[in-house]
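Below is one structure, written out as structure tokens, with a few remarks after it.
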Amino acid sequence: MLFPTALIFGCWALVIEGADNRRPIWNMGHMVNEVYQIDEFVDLGANSIETDITFDDDAMAEYSYHGVPCDCRRWCHKWEYVNVFLDGLRRATTPGDSKYRPELTLVVFDLKTGDLSSSTAYKGGKLFAQKLLDRYWNGGNNGGRAYIIISIPDIDHYAFITGFREALKNANHEELLDKVGYDFSGNDDLSSTRTALNKAGVKDREHVWQSDGITNCILRGLDRVREAVRNRDSSNGYINKVYYWTIEKYVSVRDALDAGVDGIMTNEPDVIVNVLNEGNYRGRFRLANYDDNPWVTFK
């Protein structure tokens, strides 16, 4: 009877695995701006990273760099040339490459558009799309597989998204937009954010992530997070996913999960992993993997 018993238990395991109704969580490593940090943060449990992108006077993406001020207990000056970083990121997210990290499924580009005007934002979006096409997506031929979020701090720079989308369409690679999502990170009111997305050509719930947060040096409540979660879960909302930044205290992580977020941006991904393994959370949440589409609202 050993074989039938083992078979039964195996079948039950498959049923349980297939019926996993826990919310997938994106553990988002913050301020990953040098190539070596990709492995560093993934080793700590991150399945997503955030990278800062700065622009030159011609609206061309130049460095992966944050600068001062930045989070407490972090070094603000790590950097790479954008092309170097994108090459490293492509390798880390391309199956078969010796540097491939299958855990890494989502990348947030925090676009430092502060020195761009509303008009040059459009140009910046076009140029950044072309750079991703060339350096990350390898011209559309077996490039990196991670999902990408274009995150912009200023809703007045919505034309960056317009330019980005148009550039991929004009390059006959509109299919790559299936891998691209959008976020405005300036903590504006949600109705204004929705309007900016619509002006950019992004429909409601079209790969929309809504961030809320502040540097880890300052405490911030969860009122706007809860408002975003209500929008996400409503029948007439515009949001697919909600994430909170930047936290690493255990109590803050628990509070964010209890509020219903889909992602947490952090300097200490191992803290998020530890909380997800706690008794009160491991039955409700799990780390997202590549089979979890970040554009699909969890029900």
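Yeah, the Cβs are placed from backbone N, Cα and C, and that goes for glycine too.
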Recorded disulfide partner - C76, candidates C11, C70, source Swiss-Prot: C70
Swiss-Prot Mg(2+) site partner of E50, D52, selected from D110, D115, D134: D110
Per-residue Cβ crowding (10 Å cut-off), top of disulfide-bonded residues C70, C217: C70
Other residues, Cβ within 8 Å of E50, D52, D110 Cβ centroid (Mg(2+) site): H30, M31, V32, N33, T51, I53, H66, V108, F109, L111, S151
Spatial neighbour of C217 (disulfide bond) that is closest, considering only the recorded positions H30, E50, C70, D110 and their CA atoms: C70
